[in-house]
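A.B. asks: Straight out of TrEMBL:
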type	residues	note
DOMAIN	55-218	domain 'ATP phosphoribosyltransferase catalytic'
DOMAIN	224-297	domain 'Histidine biosynthesis HisG C-terminal'
Amino acid sequence: MTTSQPRLRIAMQKSGRLSDDTQALLKRCGLKLNVSDRRLLAHVSNMPIDIMRVRSSDIPGLVMDGVCDLGIVGDNTLEEEELDRQLKGNKSAYIRTTALDFGGCRFSIAMPEEFEYTGLDCLNGLRFATTYPQLLNRFAKANGINVEFCLLKGSVEVAPRVGLADGICDLVSTGATLEANGLKEVAEVFHSKASLIQRADPLCADKQGILDTLLPRIHGVMKAKESKYIMLHAPKDKIAQVSALMPGKETPTILPLAGRDDIVAVHVVATETFFWETMEKLKGLGCNSILVMPIEKMMG
Ligand SMILES: Nc1ncnc2c1ncn2[C@@H]1O[C@H](COP(=O)(O)OP(=O)(O)OP(=O)(O)O)[C@@H](O)[C@H]1O
Ligand SMILES: O=P(O)(O)OC[C@H]1O[C@H](OP(=O)(O)OP(=O)(O)O)[C@H](O)[C@@H]1O
Ligand SMILES: [Mg+2]
């Protein structure tokens, strides 16, 4: 009898704000995924990994309970579940393995536009509609104010207008939803991003091996996203000035150009933003054919 190799189980949001970015990240890590709307446990065909597609609010619990080995979830959802479990005396341990570069938003208190906000004290005793009462409660306690809650899982911004609450505490990114509902942001409670989390108890050797392959790929994808490959032709006698203008700490590669003694090719991987102003300065030094290219993958 043969025993099959254990498969690493990763929980991701089925549909919503994090699902496209999560799926794109996994695909860029080389995972061949067959995701269709109805398939809730998707098999990765080229690695021993299964992707469990669930509501994002279920992900922290699935990882904390050890049902899934890894999960990709917003820090707001994660900390809300952790605080809630701690309050109830339930298991709440996990490892935050990697802070990811998507899902950025803030969890903020917002009041009707006409409300005269003079500081946190003026919110004392008011009632707030929110999806994340524990996060708001922690913030209120830390700031010495008492607030009441009204729990809404979505469309939180409607609450003040229909008399459900005095204000709201919800996720904001562009601020368009607040504006469309006559609300203004008055205080940031929590800054959130997506994180890769891992169950707290050690993985078996096989699963740890899969994770050891996956993690450098995730870091490589993130690093590649923020890096650019820069190529240009520079006058040979200006190499020192050109090199000094290059963003990042990498030493440029200098290559000869066939049949030219006066010009060289300069190549560099830039991990910092390469501004138009820098390109203009390089042009001023006599450089030309300046190319800035995206990088797909990076390692080492
Ligand atoms: N406007 C936004 N901009 C950026 N990130 C956001 C925004 N709204 C939510 N997020 C992040 O995406 C996560 C998922 O939000 P989304 O609205 O898709 O799902 P949900 O309704 O909160 O949860 P569920 O998947 O359980 O139904 C949030 O927990 C937060 O971390
Ligand atoms: O600042 P903005 O860019 O306008 O984004 C903020 C909105 O996005 C989220 O809701 P979502 O659109 O995910 O709907 P939901 O309430 O159904 O989850 C959040 O709960 C806000 O309502
Ligand atoms: Mg939402």
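Backbone N, Cα and C atoms are what each Cβ position is placed from, and that goes for glycine too.
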A.B. asks: Please average pLDDT over the domain 'Histidine biosynthesis HisG C-terminal' (224-297) for the predicted structure.
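C.D. replies: Computed over the domain 'Histidine biosynthesis HisG C-terminal' (224-297), the mean pLDDT is 91 on the 0 to 100 scale.
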A.B. asks: Can you break down the domain 'Histidine biosynthesis HisG C-terminal' (224-297) into helix, strand and coil residue counts using DSSP?
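C.D. replies: DSSP classes over the domain 'Histidine biosynthesis HisG C-terminal' (224-297) add up to 21 helix, 31 strand, 22 coil.
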